[in-house]
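*Asks:* Summarising the annotation, TrEMBL assigns domain 'G-protein coupled receptors family 1 profile' to 49-303. Residues annotated as transmembrane segment in TrEMBL: 36-57, 69-94, 114-136, 148-172, 211-233, 245-270, 290-310.
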Amino acid sequence: MGYQNLTEIYLNMNSTMTQRDQFHSFYLVTRRFTGLILYPIVSLFGLFANAFGVIVFTRRGMRTPTNVFCIALAATDSTKIINDILYFVVVLITEIPGADWKRIFISLYPVTHYVFHTTMMAAALLTVAIAIERYVEVCHPHKARSVCTITLAASTSICILFFAILMSIPYACKYTISEHEMNGTMIDLDLTVTKLWVKGPFAISFTWVHYVLRSLLPLVLLIVFSARIIYALRSHRLGNSKKRITVCILAVIAVFVMCNFPDTIMSTILNTGYYEASYLVRGFREITDFFLLLQTTTNIVIYCTLNRSFMKTSKVLIKKWNRCNRRVSFGDKPKEQIPLRRYTVDSLLS
């Protein structure tokens with residue numbers, strides 16, 4: 001019992017056979033609809049949107065502490081989107097008859113599992129950092145000049161990213177590839193859970209600590225700081241620009257809370273994983289995971305809707321790109337100047 005096979009985890013579920021048959025079709029439909037249709041559409045939009053957001057935020061007039069956090073958040077979201085694209089590839093290959101999807105799944109899943117947890121924790125902590133920065137800016141403006149600086153925002157973002165990478169390392173050690181013989185001749189590969197992660201004190205304690213730091217604590221902090229910011233907006237007089245930016249950040253926080261709340265409920269309160277769960281839970285897991293992907297693509301929509309400086313900078317960039325494209329298309333072929341011919345009286349008569 002040193003290792004536990006994922007195939008066994010997949011089959012040994014807490015529901016009866018009739019329940020498995022009943023909800024198996026629900027699971028397959030949700031996986032195909034989210035993995036094959038929604039994931040590629042949302043992922044492509046999210047990649048372009050986050051890349052455009054980073055370009056806008058790095059302009060000279062947009063360099064603020066809040067935007068530094070937004071750049072780090074966009075980079076984290078883009079990494080998660082690329083990770084989710086790999087999931088789309090795996091789901092697509094499973095639908096192709098005769099494809100060796102199991103070998104591809106075995107090679108990709110341990111890496112994507114680690115990247116998923118790393119990016120989720122980094123995004124949650126960065127969103128909390130944005131909320132704290134905005135809270136100081138609105139509720140304690142006299143301290144904002146010394147606390148809310150670009151240097152501090154950049155160093156905080158880097159520390160959060162390194163903390164998420166180090167904190168999620170045990171997930172990189174969760175699975176190992178094992179070999180076992182089939183019919184005495186063929187060798188089959190499978191993923192197995194390592195001794196460290198077979199149900200024991202480390203697996204239970206680390207999972208709870210990670211989920212609390214990744215989901216539960218950030219949601220509580222975001223709700224508390226958002227309530228304080230909303231109260232300050234009602235009681236304090238703020239400039240129009242600061243008020244718009246604060247409302248924009250509150251919208252980002254609200255979308256983050258709504259999209260992460262279902263995953264938090266299933267991970268912490270219900271304590272349900274994926275492979276050890278029933279087909280019904282897996283189907284809902286596909287939906288909650290899609291909400292996590294959707295959240296990574298909505299920030300650009302919020303910026304364009306509520307942030308005037310973001311919109312102005314975007315328009316300036318688009319105009320510059322259009323001018324460059326016109327110069328490239330027409331600059332290579334300069335218009336030929338028709339030489340002016342001087343006509344004299346003799347030439348006209350001849």
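Easy rule for this one: first residue shown is 1, then count along the chain.
Note: Cβ is positioned from N, Cα and C throughout, glycine not excepted.
All TrEMBL annotations are machine predictions without curation.
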*Asks:* For the transmembrane segment (211-233), could you work out the same-chain residues 6 or more beyond its ends whose Cβ comes under 8 Å from its Cβ atoms?
*Replies:* 117, 120-121, 124-125, 127-128, 131-132, 134-135, 138-139, 167, 243, 246-247, 249-250, 253-254, 256-257, 260-261, 263-264, 267-268
*Asks:* Are there 3 or more C-beta pairs under 8 Å linking the transmembrane segment (290-310) with the transmembrane segment (36-57), counting only pairs at least 6 apart in sequence?
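*Replies:* Counting Cβ pairs under 8 Å (6 or more apart in sequence), the transmembrane segment (36-57) reaches the transmembrane segment (290-310), since there are 3 or more.
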*Asks:* Who are the chain neighbours of the transmembrane segment (290-310) in space, where the CB to CB distance is under 8 Å and they lie at least 6 residues beyond its ends?
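*Replies:* Long-range Cβ neighbours of the transmembrane segment (290-310): 34, 38-39, 42-43, 45-46, 49-50, 52-53, 56-57, 61-62, 70, 73-74, 77-78, 80-81, 84, 120, 123, 241, 244-245, 247-248, 251-252, 255-256, 259-260, 262-263.
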*Asks:* Taking residues 6+ outside the transmembrane segment (245-270), which of them lie with a CB under 8 Å of any CB in it?
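*Replies:* That would be 66, 123-124, 127, 130-131, 134, 137-138, 208, 211-212, 215-216, 218-219, 222-223, 225-226, 229-230, 233, 238, 281, 284-285, 287-289, 291-292, 294-295, 298-299, 302-303, 306-307, 309.
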